[in-house]
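Written below as structure tokens is the structure these notes are about.
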């Protein structure tokens, strides 16, 4: 197999591994709060929102050490061992206890930081500047099939049910645990890419030489030195102008991740106006979010049609679709839906609640998220390809800390305040992304002039 074919296969296997793993975990996160509200046990006092807030808070802090872990054991083993923790978290719901639930939340936060940093590192080392956009789209589209398969299962399993019994819960979570374990072992199919010949010209990365040209860790270094070096690179990268500007769209991606992966499904399940199918609607909503994610990843990544115009048009489309979705959700869903009890909300929305409008919003949430994330992965991989593990750790640090804050306030804030926070952050993040992308375009233009 040619080197290009091997790296493309690695990207596909990486995407498939995440697809299977997050078929289990993404579905778990989507139904978690709804399931907890249905527990018959009086000994369990956990909250899905609180758990997710703990996960993302620990996730954010652990991103500082994740590059060190990858430097020591490598990205492939990092993916496998992190995936095992994901499986353990899902298995907690088979027989839930408050102590084990929150303990696994902490461990999952650490594992998530290592998992996603390893993913960014593997995606970058299997890509070139000319293929990073395509490969980001392939990975993203494959991973987002997880939303389709997992939520399709939930839709059929819970169709027509207004209450989730213990047997329903156990059947679902045993199945999800097995699925997640299968995904973990797929990571062993990733092959080591062939080394590229040393380039004769300077890198086209527009970063200062002291950042982008830093030498990689040599094998003769001690494990402690490798870990310390990776930590220093993360701090150094976080202080660059490009990373500081990108921190705002990173933050927005964390806020909207919280909303579409947990809060919106809970809102739909709380809408008594949708009838007895409200619980099953959570699964159908997740499917349409997945369709939007897959479509966005395919159009803007696999087909790679947007390169001639840069990344900005795709990011603009992302924020536009999200603002439309947020406005429709504001009109269609009752304000207290995120914090309503299991019996549901009795408040009225601004319009007669419509299942069709709710599902259109699900699709728009997925499409907008794919627009943002494929372009964030692409620009981080392009700007920081020499230190990709550290760069993606900073990305996930910012994203996860805002996700933690969002899951925390989701316990208390009414829907319209949550939507307003996302609109303001998204608008500012779009502007700062444009500034960084304009710098990339100008750098490419200057490089073209220098080569004449």
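Even glycines carry a Cβ here, placed using N, Cα and C.
Note: TrEMBL annotation is automatic and uncurated.
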According to TrEMBL, which stretch among 220-238, 391-409 corresponds to the feature transmembrane segment? 391-409
Given the ranges 195-216, 415-436, which one is assigned the annotation transmembrane segment in TrEMBL? 415-436
Mind pulling out the one from 7-26, 46-65, 281-303, 315-335, 391-409 with the most Cβ pairs under 8 angstroms to the transmembrane segment (101-125)? 46-65
Top stretch by Cβ pairs under 8 Å to the transmembrane segment (7-26) (candidates 46-65, 137-158, 355-384, 391-409, 415-436) is 137-158
Result, the transmembrane segment (170-190) in contact with the transmembrane segment (137-158) (3+ CB pairs under 8 Å): yes
Check the transmembrane segment (170-190) against each of 77-95, 315-335, 415-436 and return whichever range has the most CB pairs under 8 Å. 77-95
